[in-house]
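Worksheet: the structure to be examined is printed underneath.
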Amino acid sequence: ALEPLSVGLAIGVASALTGYLSHPRFYCSYVECCPSAGYRLNATALKVQLGAKLFGQHLAKDVVLKAVMGFSNNPSPKKPLTLSLHGWAGTGKNFLSQILAEHVHPAGLRSKFVHLFLATLHFPHQDQIKLYKEQLQNWIRGNVTACPYSIFIFDEMDKMHPGLIDAIKPFLDYYEQVDGVSYRKAIFIFLSNAGGDLINKAALDFWTRGKRREEIQLKDLEPMLSVGVFNNKNSGLWHSSLIDRNLIDYFVPFLPLEHKHVKMCIRAEMIARGYAVDEEVVQAVADEMTFFPKEQKIYSDKGCKTVQAKLDIHED
C-alpha cells in the first residue's frame, strides 16, 4: 500500500502538471488561441511590413495603418472596423489584407479566426440569395462568438449579388450586442475592383497637371469613390445600406502602379525565391508588362498580378 504522503505527493505533482499544461501561455504555444482581452497590435511592426512589402500605395498604407491602430488601441470601440479596398487587380488589395490578418492572427489566412469569402465560389447562384444570407449570418455569429477578434474578408465584391452583403448590416452597426453577441472587436474587409476606373482617372489627372502621386490625399478620392460604388450595379455595394448608414469606416483607394513600382514587385519576388536581383531580368520582365494610356504608357494595366508568371519564364 502507498504511504499517505506518497499519494498526496503524487496527486500534488499531477495537479501541478495538469495546471501547467492547461495554462494559456503553454497551451496557446501549440494550439492557436484567440487573442486575449485587451490585445493591442504592434504598430511599429505593421508599419515596417507595409513599408517594405506594399509598393506605390502611400494612401492605402497611411489610411489603413491609422484606422487599424486607432481601432486596436480603443478599449471600447462603438462598432467593428469596416474597410472597403478599391482599385484595379494587382495593386495590392489582397496583399494588404493578408499582412493585416497576419498581424492580428500570426497564421494569417490559414488562421481559424480569419475567414475569406469569394463571391464566385461561396455565393455563385442568384436564386439562392436568401439561403446565402442565412448562412452568412450564422457563420459570422458563430465565429465571433468563438473569437471576438475574428477577421472577415470579402473578395470579389464587384461580383457579389446586389443586396447580399446587406445581410451583415446588423453586425456592422452601432449595437452593443446583437442576440447576446458583441461584434465590436471584429474587422470586416471588402475587396473590389469597382471604382478602379475612377481612381485611375484621378491619378492620371494629377499626372497631367504635373503633380506627384504622393500629393493625392484621401479627401481627393474617398467621396467620389463612395458615391461611385453606391451607384454602380456591379459593385456588390449597389444601393447598399452599409453605405447609406455610413457603416463603412473608410473607402481605401489603391492607385495604379507605375513602371518603378512594377520593378519593385519583380525585385521582391526574386528575393522571395532566393535569387540574386539581376537588373537585366528585372527590366526584361517589366518590358513584357502592358501599360496605359496607350500613348503615355504610365500605369500597369494588371498591376503586379502577372509578375510571378512572367518571372517563371526567365528562370535558368
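Keep in mind that glycine also has a Cβ here, set from the backbone N, Cα and C atoms.
Unlike curated entries, TrEMBL annotations are predicted automatically.
Listed in TrEMBL:
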type	residues	note
BINDING	G87, W88, A89, G90, T91, G92, K93, N94	ATP binding site
DOMAIN	257-312	domain 'Torsin-1A C-terminal'
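Within 8 A of the CB centroid of the ATP site residues G87, W88, A89, G90, T91, G92, K93, N94, the other residues of that chain are F95, N193, F254, G303, K305. Counted with DSSP, the domain 'Torsin-1A C-terminal' (257-312) comes out as 29 helix, 5 strand, 22 coil.
Of all the Cβ atoms in the protein chains shown, 29 others lie within 10 Å of the Cβ of G87 (ATP binding site). All chains included, 27 other C-beta atoms sit within 10 angstroms of the C-beta of G92 (ATP binding site). Per-residue pLDDT, averaged over the domain 'Torsin-1A C-terminal' (257-312), rounds to 94. All protein chains included, T91 (ATP binding site) registers 32 other Cβ atoms within 10 Å of its own Cβ.
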